[in-house]
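For reference, the structure is listed below as structure tokens.
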Amino acid sequence: MSRVQCLRLAAVIASISHLIFLVWFVCWNSVLENNEDCVYATRSLAAQVQLGELGANMSTETRLRIRGAAAEPVSVGPFNRSLVYVINSDASLLYSPRETQDGRCFANTFHKTDMAAVMKVYPDGKNVVLVLEMADCMAYLWFFQVRTATAALLMYLAFLCVNRQRRGFGPWLDSASRVSAEAYYLNYWTTLAARVFLKVRYLKLSRFLREIEYRREQTWRQFSIDTLGFYLMHPLALLLRAIETILYFASLVASATVLRVNFDPCSVVLPNHVKVFAWVFVAALGALEVVSAIDHLRRETRSARDAAAVIRPTNIIAACCANIISHVLLRMLYGAALVLVVIGALKYEREIQTRLLG
């Protein structure tokens, strides 16, 4: 196993560890009839009364003055037992449907229809607040963080599978990272089944894979000399490489979105070790991927230089420069694509979350 493969295996282990931690934390802390993990966007009762006094016969100046005075008291924070929470009829719920929160964020609160009874106990309305929006942060972790971490892990595993298939059958630059075609899993299971059940040695698929090895060597030499030209002449190979690249960057972007736990409204109620673990996970994954990319690029450059020396001994410098420039160009395109995806995810994260997770 090469160094790059070891680093990617470590990235998989880190992703699995982070996912297990999130599932454990949600399962351990999900307690019914508990408001400690909920965040409420509230407005004081006096401000809400001012908003209710807006009438059609008021002047524009008066309406703006009342709206400006009533907009200030809106606050977002955890459940405060010194306050009386009254759920507004049009209060919105974040991250999960209402039926999953009835036993948690709605506990120890009153409905707007109970306002008359509440005002009898608290006639001054000083400690009464109206809930405009609320979120169950355990549901946030489960319906967003866990799903995102699972999707990132699955996409990264799919990338590793596609990458292994390419190194086994498709073009590659680093000759040290190629996989023998005879190690194809179908060849192994076919040979094993023939020996166990039919008591014979099945070698046809193995011979066919040896022929593929010869063809693959020719493809590798063409790919090493002119990478961009090879992709232009073989659009299917370009499509498969694009799928591999998309899976890779999509998994990295999905993994990086776990940092939202430090910036979303739920960050005020989630414990510090959850937020610190998210930073540690993203930093470790980023370090592993950077080291893996540097090592992989170094190997590809060395392999391309060796291939150019074998095939074109009279034009080594030109071949090496062409390969290095093509690789740098591809890396720049990959980096630009990643930056655009991250910017788009940050700008339209709410729409993306609504469409993907519901």
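Here the Cβ of each residue, glycine as well, is placed from N, Cα and C on the backbone.
Taken straight from Swiss-Prot:
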SIGNAL    1-33  signal peptide
TOPO_DOM  34-141  topological domain 'Extracellular'
CARBOHYD  N57  N-linked glycosylation site
CARBOHYD  N80  N-linked glycosylation site
TRANSMEM  142-162  transmembrane segment
TOPO_DOM  163-235  topological domain 'Cytoplasmic'
TRANSMEM  236-256  transmembrane segment
TOPO_DOM  257-273  topological domain 'Extracellular'
TRANSMEM  274-294  transmembrane segment
TOPO_DOM  295-323  topological domain 'Cytoplasmic'
TRANSMEM  324-344  transmembrane segment
TOPO_DOM  345-358  topological domain 'Extracellular'
>> Using a Cβ cut-off under 8 Å, which residues of the same chain at least 6 positions beyond either end of the topological domain 'Extracellular' (257-273) come close to it?
In response: 18, 36-39, 41, 76-78, 94, 135, 137, 140-141, 144-145, 148-149, 279, 281-282, 345, 349
> Over the topological domain 'Cytoplasmic' (295-323), what does the predicted model average in pLDDT?
Replying inline: 58
> Within 10 angstroms of the C-beta of N80 (N-linked glycosylation site), what count of other C-beta atoms is obtained when all protein chains are considered?
Replying inline: 14
